[in-house]
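Copied over from Swiss-Prot, here are the features:
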DOMAIN    12-249  domain 'ABC transporter 1'
BINDING   Gly44, Glu45, Asn46, Gly47, Ala48, Gly49, Lys50, Ser51  ATP binding site
DOMAIN    259-504  domain 'ABC transporter 2'
Amino acid sequence: MKKENLEEKPFLQMKGISKFFSGVQALDNVELKVYRGEVLALLGENGAGKSTLMKILSGVYTKDEGDIFIDEKKVDIKGIKEAEELGISIIHQELSLLSNLKIYENIFLGSEKYKGIFNKLDKDYMRSESEKLLSTIGFTADVDILAKDINIGEMQMIEIIKAISKKSKLIIMDEPTTALTEVETERLFKVINKLKSEGICIIYISHRLDEIFQICDRVNVLRDGKYVGEVKVKDTTKDDLITMMVGRKLEEQFPYKKVKKGDALLAVNNLSYKNKVKNISFEVRAGEILGLAGLMGSGRTELAKTIFGEYKKSSGDIYINDKKINITSPKEAIENGIAYLSEDRKKEGLILNMSVGNNISLCNLKKYENSIKKINKEKESKEIDDYIKKLSVKTPSANQIIKNLSGGNQQKAIIAKWIMISPNILIIDEPTRGIDVGAKKEIYEVLNEIKSLGKAIIMISSDMPEVLGISDRILVMSEGNLSGELSREEATQEKIMKYAVAFSN
C-alpha cells in the first residue's frame, strides 16, 4: 500500500540547485523534497538532469548554487563519504559489486570488521551479520558465493543490503528493474515496501511509467535541467506525466510508417545454435521491420548473434539476396551487409572513453583511407558531423566523450555508426531499453527512415507496446523455438504472450 498521509517536514530538501560544466548549465534552480517512508519518483527525459542532481546528493559532484537540508538542517555535501555519513546511499544502474569477491565481502567492502590484537579480518562476524541483514528483507543466499555467480536480481538485493548495512536513511535507486525479470521486480517492490514501512526514503528513477503507479507515492519531474513540478501519483495519469516530461503531448508514441515491401534480403532455414536456437526458419524483406518477441531467455539474442557470426551455428543455412552465405564471424557478416546493435550498448556497442565521433566512425575507417593508408581526417569529420545532424545526436561536439551523453543519444550514435557502413540488414536488440519516452520516438523515426530506404530491420524487443507499435510483422520465440508469426493487423499482446509461453514447462 502506498503511503498517503506524509508527515509535514521533509527528511531531505534541495532548494535552488544549479550546476555548470565548462560554462554549460546542467541544472537550473532545481527543487526536490522527500519525506520519511516515501518513494519519490524522479522523472525526466535523458539529459533532463536527473543523474546530475543525484550525483550532487550522493557526493559525486558538488553543487554550484543552492542549498541542501537534512531534517531541516543545512548540510554541505562535498564527497561520497559525507553523503554516506548523512545516511544517503545510491544504487547505480550499473551495479557495483566486485565479481571476484564473495557476497559477504561485497556487503562489508570499505567497512570491514577486525578482531584480536593482530587486527585480523573477522570473517565469521561478517558472514553471520550478512545473513542477518539478508533475512531482514526476506532474502536468503549463501554469503560465500562469489558475486559473479549470482544473477542480476540477486545482485540488486545485495546492493540494497549494502545500503542498509550503512544505516542509510535515504536510498537512491537508478533504473533498478532494467535487467530484472517480472518475478525479480515483484520481489524488489516487496523489499521497497518493507523499507518504506521502516521509515526509509527512496528516490526511484525509472523510464517505466507503469512502475511509478505501482510503487511510488509522489513524482518530481525535471526537463532540460529545470524543475517542472511535483504531483502525487494518485492525482495524475501516464499521459500527464509524459506531457510534464517532454513539454508536449505524445499523441503518436509509435510513429508507424507504411512502406512498400521488396524482395527478401535475408532468409534463414532451419538455423540452430546449441540448444538455444532450434531449427529456426524465416525471412525479412526490404522495407520491413520484423519484430522479434519472446520472454527473457527465449533465444532471441542468441538467434541474432548466430546470424551475425558472433556465435557459430550448429546447423542450418543463411541466405542473403537468395544466395547461400556461410558467415563465421561478425567481420564476414558486415562484409555481407549485416549490422548488429547489441542490447548492452555500454559493454558491446560503445568505447565509453572515446569521443562521439570516433565511436561513430569506428567501423568505417577504411572508407577514409587515402592511397598511402592514412586517414583523411577532414573527410571523416565532415561525415561524422553529417550523421550527428541526421540522427539529431545531442552533443556539444563530435569530440565529446561518449560516456557523458544520455542513453538516448548514445543509442543514436551507435545507430549512426552502423548505418554509416550502409548495411542492407539491420538487427537491433532492445533499441530503446533505458531510454526516455521522447528519445524513444526519435529512435522509432530513425528506424522508419532506414526501412523507407529499402533496408530490412529485425527488431528484438521485450517492450510489448513497442513491438506492436512499429513492427510490420512479428515473430515470437519460446524456449529457442519459433512459436508463432503474426501480421501487424492481427497482433495483440494476448496473442504474443500465448506464443511466448508455448514451449514453457
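The backbone N, Cα and C atoms fix where each Cβ goes, glycine too.
DSSP classifies Ser51 (ATP binding site) as helix under the three-state reduction.
Mean pLDDT across the domain 'ABC transporter 1' (12-249) comes to 89 in this model. Just so you know, of the binding-site residues Glu45, Gly47, Ala48, Lys50, the Cβ with the fewest other Cβ atoms around it within 10 Å is the one at Gly47. Of the listed binding-site residues, namely Gly44, Gly49, Ser51, the sparsest CB environment within 10 A is found at Ser51.
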